[in-house]
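Features of the protein shown, as given by TrEMBL:
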- 1-21: compositional bias 'Basic and acidic residues' (COMPBIAS)
- 1-36: region 'Disordered' (REGION)
- 108-125: transmembrane segment (TRANSMEM)
- 152-170: transmembrane segment (TRANSMEM)
- 177-199: transmembrane segment (TRANSMEM)
- 205-231: transmembrane segment (TRANSMEM)
- 243-265: transmembrane segment (TRANSMEM)
- 319-341: transmembrane segment (TRANSMEM)
Amino acid sequence: QESESENKLDGETASDSESKSEFGGSSPVPTSDDTPEVLNRALSNLSSRWKNWWVRGILTLAMITFFFIIIYLGPMVLMTIVMCVQIKCFHEIITIGYNVYHSYDLPWFRTLSWYFLLCVNYFFYGETVTDYFFTLVQREEPLRILSKYHRFISFTLYLTGFCMFVLSLVKKHYRLQFYMFGWTHVTLLIVVTQSHLIIHNLFEGMIWFIVPISCVICNDIMAYMFGFFFGRTPLIKLSPKKTWEGFIGGFFSTVLFGLLLSYVMSGYRCFTCPVEFNNDTNSFTVDCEPSELFQLQEYNIPVLLQSVLGWKTVRMFPFQIHSIALSTFASLIGPFGGFFASGFKRAFKIKDFANTIPGHGGIMDRFDCQYLMATFVNVYIASFIRGPNPSKLIQQFLTLRPDQQLHIFNTLKAHLVDRGVLGSLEDA
């Protein structure tokens, strides 16, 4: 009998109803009205529906303006903002768990959560520094040592946190503590991993960062607009305010927006060139000869559309074709990130992740679709765009021993002679 009662206390045989009582039914995050007083006074005569419209609209314009400003400030500021957004999103999700967890007076949950965030960031961004700043790393002795043993150091840091978690286990609350351990790791997977992919996309060129994010923003705005004015048919039970009219209207608007934005941005090197680190000036540069993706080409229009449009050919950038794939994903699949977040919030009986942005909720409420989009863009680039990077190959080649460099040189020379490339170059 004592053994059975201990198992129940540990949660190993607890029913679903007991699990629900463990997490409680109260809202972990308060949802009080955080609208600025000046807006409350100015919109006091409007109905709640139109008041929410104006609050969301004004704050959306403010966020778009801020987005333009950080783009103007350059890639380094963009990367810093991505890191800040990542930390804030992590904080909002962990706080929901902590508000449930701390009532049991169990140790180290918040400390270990932030420690694991540090470990994961050290692992991912250490890999990025080694990859993109290879020459700088090789030039500095401490960085070279950290780079050489980076994965071992990362594993050691994580193992320390793992041992700390095991030592923090408290009898009668094992199940809850393992829930929260899983909570932390799933949060790290969703937030840190995908924010790291955003920075990888940024290094491919700012256009791969700006266009996908802008498509998600456009789809969010246009789906809201179409749903607000024309919405009649519910789309999904997880989000009762979402409608088919908004979903379809957002799709066509986003595809058109993606084509236009891609056309404008493809003509500027500062957007299309990969972001690279200049070791001579110790700064980021975005200057290059545009690739074929960003050079105007002529395409034949399908015969069925020629009679409608009155054109036989059209000149456009190849990137615009890729933008159709990006905007389609942002419109059709991206919203499922928002539906997932809605389900998560309903599971814990909260309206928003936080009250950071009036009318919009928390930062995570604005980035739930962006993280899913970032993963798609990274996979898309790796599958259809990215090829071997000659500059990185040369950087690695120069760090080899002279005998290794000579071996590679002779192998490459023999290969080029066999293909007839080297002979033709010498003749020229």
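Every residue number used here counts from 1 along the chain in the order it is shown.
Placed from the backbone N, Cα and C atoms, the Cβ positions cover glycine too.
Taking every listed stretch (177-199, 243-265, 319-341) in turn, the largest tally of C-beta pairs under 8 A with the transmembrane segment (152-170) is reached by 177-199. Contact count against the transmembrane segment (319-341) (Cβ pairs under 8 Å) is highest for 243-265, out of 108-125, 177-199, 205-231, 243-265. Counting Cβ pairs closer than 8 Å to the transmembrane segment (177-199), the top stretch among 108-125, 205-231, 243-265 is 108-125.
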